[in-house]
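Read through the structure below, which is laid out as structure tokens, and then see the notes.
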Amino acid sequence: MSERTPLLHYRLSASVNESGEHHSEAGQDALDQPPSLARRKSTPSQPPKLTTFFGVVIPTLLSMFSVVVFLRIGFVVGQCGLYQAVGMLAVAYFIISMTVLSVCAISTNGALDAGGAYYMISRALGPEFGGSLGIMFFFANVCGSALYVLGLVEAMLATFGVSEAGVDSSSKYQVLPVGYWWSLLYGTALLLVCLVVCLVGARIYAKATFIIFLVVIFVLGTIFVSFFAVKPQVVNLPGPFTNNSSATANFTGFKLDTLRRNLEGVVCILGDLKNPSYAIPRGTITAVIFTLIIYLLLIILVACTCDRVLLQRDYSFLRDINLWHPFVTIGVYSSTLSASMSNLIGASRILYALARDDLFGEPPLFSSFYCREDLGNQTKTVSLFLFSQLVLFSGKLNTIAAIVTIFFLLVYAAVDLACLALEWASAPNFRPTFRYFTWHTCVLGIVGCAVMMFLINPIYASASIIFMLLLLLIIHYLCPTSSWGYISQALIFHQVRKYLLMLDVRKDHVKFWRPQVLLMVSNPRASVGLITFINDIKKSGLYVLGHVQIGDLAVLPSDPLQCRYDSWLSLVDHLNIKAFVNLTLADSVRHGVQHLLFISGLGGMRPNTLVLGFYDDAPPQDQLQDRTFRSLDDPALTEDQEDPLYHFPPLRGSTPDNKNRGGACGGKVLSPQEYVCIIADAVKMLKNVALARYFGQFDRQRALQSPVFVDVWPVNLLRPDSSSYVDTCSLFLLQLACILNMTRSWQKAKLRLFLCVEAGRSLKGAEQKLKQLLKDLRMKADIHTVPWDEQVALHWQRQQVGVAIEAEAEKGEREAGEKEEEQVMIEEEEPEEEEEYANSFPSNTVRLSDDYLHAVNRLILDQPFSPPAVRFLYLPRPPADTRRYNNYLHQLELLSRDLGPTMLIHGVTPVITTDL
């Protein structure tokens, strides 16, 4: 096919443009004013809205019946033959039809505004896609205006241009000089005419579109009549000529031979419509069907009546065979000027819509100019004239046509994509009244546009896509959050729901276990270090920030938690963590934590690990206000930036009556008894538990400075008589340490595993056994054996004292007997299930002396190594006797005192396997 054909592609692809862009001058005046002024002008005296015929059908027909129908139809048939020409027409109208169906669906799903395709795309796909494609749509309209002008220049020179040297011509009308600079001069003059009409007589132009439409239809009528009325004749061809080329060709009239020779190819508005939802579908489809019929009839009649040489060599042959030659000239000039002005005005609307949406943030690049009230429509239109003038300098009609066609095809593919996304999202509010579409039509439209782009010009198509992606990235980083709604959120919801239903908890396997953490946070101001650390240890699992507010909804006027979600979500964004937020209202912290453990998550994504801050009297530090505590990848805040305080309440003091619990849970005083009850509740619910201490001192950036060490003590230090490295809790401890070491930020950290060994046991044997265990579990760690005979001796010394005390107690009990009232009290405090629980898991809590705990604490602190970034210690389960809870917490406090950031961990479920 010849290089001239891109112009045909452009016009056929641009058919949808006018159906979504036509406005009257009154509507344009309203669009060019700021929203507030536009609303003030919306009075009953406003000009009447346009009907379907005047607002959609006429503009669409004029956009399609332009220079193509008068200057390129014959050329296409001459180059491709009738079969290929009809095939091209079928492909073009197939793409148009698929896109029109998408346009109709979107336009009947809600109120529309200025911007045409840009408005549809931006409100469906979001500001990034909408803005990038809106800018390309603007350039397509600007280039389209220049394209029409160049087409008109070509038509003028074909009629009035001076013949080239060596070409005989006797026409007295051929007076215009030819050449690049002359063509540029003619194009500039014609563009100025369009500008003047837009500035001075745009209202007249809007009212005269119907007259232009009548002129074009009349000229087309004369063309059809001419095929039947004009007798066969010889037509002089334009030069230059070669030795093998003829200077004449034949208009044969209807002949079967002519048809046979031509069968085979040769090698080579929205705001001004009364009811847009009604008008756009009916008007656009009517116009598309009508133009398809006209194009088909023209192609067939041309193939039946004209020599191929005439079609290939003479673009203006329709004028030569017309009943009266000036008819076609009038049709070309009027339709081309009309289309050029229409594109110029359309570009102004698109640019105004882009500026009004302020997609480029601060400083406002477009809105500062195109939305200013003191600048009239004239100033803005002049700027668009300058854009079009730059395009004219290229002077290459077919190059511009190819670029514009690809830009339009990209926009139309995006319209199909928007409709497809709305259909796939299955949002209840997407219920267009136009139902003659499916997701299949959207996909076919997208594929058709993409294929045609690369068939027209692969280089231009690739460059256009890269340009669109570049604009998308720029707008993504500059555009403020919009209030239009994001289709991506609807699609994500739809897919997440589908996959959550497929996530069957009955198919869980230890091989694919991962931590799914519920972190209880009292006040985020004191918990930034802990929040960021748990984000590292979650290993792509579920991460929920939980918070309990004490209160009773029955006596409150409304839910006090709804207004706080924004602050928590802003905290998540600021810290750059991947976490959900779950807040609850309860009469106590314990009940609130139970609520969250029961209801957090969904389907197979539920927390399996509860993390609490440690219960102590350490004074809290406001880490949100302290600039040394920053987000994961966030640079230091500059002096002119505001600290992200997020309306969280100030931290409580450290007085005995108002203790802060290290960011553990709740917003009120939490007793030691209730705190341990929360731990016991989690264990009963088969949740792993971790207590985080001294993470108010944890600074992630400082902690990750080389060298980085993570110390693991997998022995139950509160039960030295039953130490084991292979129970469930120890393996869970090792698993969490290994997971931390697997994350990108902690990969350079070295795990140090401390093996506590008593005298009489083989140090080498114990170490070798542990090495083999680590090898089987595919874990890398440095093993350090630690003798602790002195500490164990203190333990057994206390054991002997405890035996004597128990003997005295038993004697007293025998003398006093068992009273019925005490038995009832014991039964109420410790039900049968709890007794069984106690018998199954005996506790030595009361028999541990403070001396022993101090000694073990000193043993951990006095290791001759560099201090670690964090320590992992074994957390024994709480005692079955609730009266021992305070003592249990006291022992944990002594054990972990002054150790720095420490995680006391208790695991209840198997998390490691050596099987494939």
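Cβ coordinates are placed from backbone N, Cα and C, and glycine is handled just like the others.
Those TrEMBL annotations? Automatic predictions, nothing curated.
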Name the residue range among 50-73, 674-697 that TrEMBL annotates as transmembrane segment.
50-73
If you run through the domain 'SLC12A transporter C-terminal' (530-617) with DSSP, how many residues end up as helix, strand and coil?
36 helix, 22 strand, 30 coil
For the domain 'SLC12A transporter C-terminal' (530-617), what is the mean per-residue pLDDT, to the nearest integer?
90
Criterion met for the transmembrane segment (209-230) and the transmembrane segment (50-73) (at least three Cβ pairs under 8 Å):
yes
Can you find at least 3 Cβ pairs under 8 Å between the transmembrane segment (50-73) and the transmembrane segment (180-202), where each pair is 6 or more residues apart in sequence?
no
Tell me whether the transmembrane segment (285-311) sits in contact with the transmembrane segment (133-160), defined here as at least 3 Cβ pairs under 8 Å among residues 6 or more apart in sequence.
no
Which sequence positions outside the transmembrane segment (133-160), separated from its termini by at least 6 residues, show Cβ-Cβ distances below 8 Å to it?
7, 10, 14, 17, 66-67, 70-71, 115-118, 121-122, 173-176, 178, 183, 186-187, 190-191, 194, 238, 315-316, 319, 329, 332-333, 336-337, 339-341, 343-344, 346-347, 350-351, 353-354, 384, 387-389, 391-392, 395, 397, 400-401, 403-404, 407-408, 410-411, 414, 464, 467-468, 471
